[in-house]
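So that you can see what the record holds, here are the features copied from TrEMBL:
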DOMAIN    6-154  domain 'Phosphomannose isomerase type I catalytic'
BINDING   GLN110, HIS112, GLU137, HIS275  Zn(2+) binding site
DOMAIN    170-256  domain 'Phosphomannose isomerase type I helical insertion'
ACT_SITE  ARG294  active site
DOMAIN    336-377  domain 'Phosphomannose isomerase type I C-terminal'
Amino acid sequence: MEEVRVFPLTCTVQNYAWGKVGLKSEVAKLVVGGDPLAVIEENKPYAELWMGAHPKGDAQIKDNRIAQTTLGQWIAHYPACLGSKVKDAFQGQLPFLFKVLSVNTALSIQAHPNKELAASLHAQFPEHYPDNNHKPEMAIALTPFQGLCGFRPVEEILRFLKSVPEFHVLVGDEAAEELRCSVGDDVRTSRALKRCFSRMMSCEKKLFVDELNELVKRITEEGAAGKDTSSSNGDLLLRLHSQYPGDIGCFSIYFLNYVVLEPGQAMFLGANEPHAYLYGDCIECMACSDNTVRAGLTRKYIDVNTLCAMLNYNPAPVSAKIFQCVPEPSDPYVTLYDPPVPDFTVMKIQVPATVKEYTVAPVDSASILLVIEGDATATCPAALSDISMRRGTVLFVSANESVSLHVSSPAGMTLFRACSLL
């Protein structure tokens, strides 16, 4: 019988503690949309939806004509579905993992290694670094999305060193002075910034807990007295401290940019870029890896030395952290989020209310399609039968297959698609 090359998936949900709970979570809403019989528990966190073939969350195939039960097994049987370039470049593996995240409390301050470092960390500490791949990633906001990303411009860090004495204590006079004197010389600045951050990250636990308590007390008192605490980034500090009391990561807000993405805006996190997601819902795509070097706002394994050694210490303003998407020249309804890595590209497909017939164009790569809003009937020869598409439907589309949508929702449709455009 003819082989089915386009089929729906049931995807893995990760119930990490930082996720939004019950139907407050975009992940939970998508799960129920895709499967009305799914049971959502109102007090349980629904943090991540994993759409892909990662061994920790391999998607189930929702088509009983297919012998294989998971996407990973199916790709192993039919590697040609990846497209010949992708198959060769990535050794017969799907090179990306597509996700939806619903963040309620901060994720750890972290960075992901480049390929070289990933290989050596994995060889030395396989229990903490499970594979040898790099993990560049991109987040695209679905709701206003808050995060920390990259080192702030030096002037801002110096301002905090002045106005937040508790922060200054942890960095120390010498390192702070070195940073002040380095302004205008990028190489020196980068070196001084590394020294400041490393000093803070590796100071004695008792010292930073005392200083943090002091800072929290001061900001709380100033706030109660009606004073403006923004020069100490007061609101964010109190929020992170309430989530992770006594955690060194609370001080990282004085080093890292605070970024708020509006829906549709994105940030790309290359290797060695320090970041932490704080709140909101996003689409995320990344190379298929689970390697993370953590430094705070976490109860997990912290590897301060590796982190401080690997980070990219190039200060830049918030505006430089927003990743620019571009219109797809051949399709007015597609926006491309095309990062400087071969592993993945994300497309946002916005079908307007006036358009009732739309074809998802073929690409020379396997792709995963997620419906965020709208309803349609999908037809394509490679599916062998119609597929009903609605909010939360996830579709695997083999390379070089097109999908025709007959849109039935009055307000059009919003979809995201992940693929690898080599």
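Placement of Cβ uses the backbone N, Cα and C atoms for every residue, glycine included.
Those TrEMBL annotations? Automatic predictions, nothing curated.
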Zn(2+) site shell beyond GLN110, HIS112, GLU137, HIS275, criterion: Cβ within 8 Å of Cβ centroid: ALA111, LYS135, LEU269, GLU273, THR292
Secondary structure tally of the domain 'Phosphomannose isomerase type I helical insertion' (170-256) (DSSP, helix then strand then coil): 67 helix, 1 strand, 19 coil
Cβ contacts of HIS112 (Zn(2+) binding site) (under 8 Å, same chain, 6 or more positions away): HIS134, LYS135, PRO136, GLU137, LEU269, ALA271, ASN272, GLU273, SER289, ASN291, THR292, VAL293
Inter-residue Cα distance where the pair is ARG294 (active site) and HIS275 (Zn(2+) binding site), in Å: 10
Number of Cβ atoms other than its own within 10 Å, given for HIS275 (Zn(2+) binding site): 22
Nearest-integer angstrom distance between the alpha carbons (Cα) of the residue listed as 'active site' and GLN110 (Zn(2+) binding site): 4
Helix, strand and coil residues within the domain 'Phosphomannose isomerase type I C-terminal' (336-377) as assigned by DSSP: 0 helix, 22 strand, 20 coil
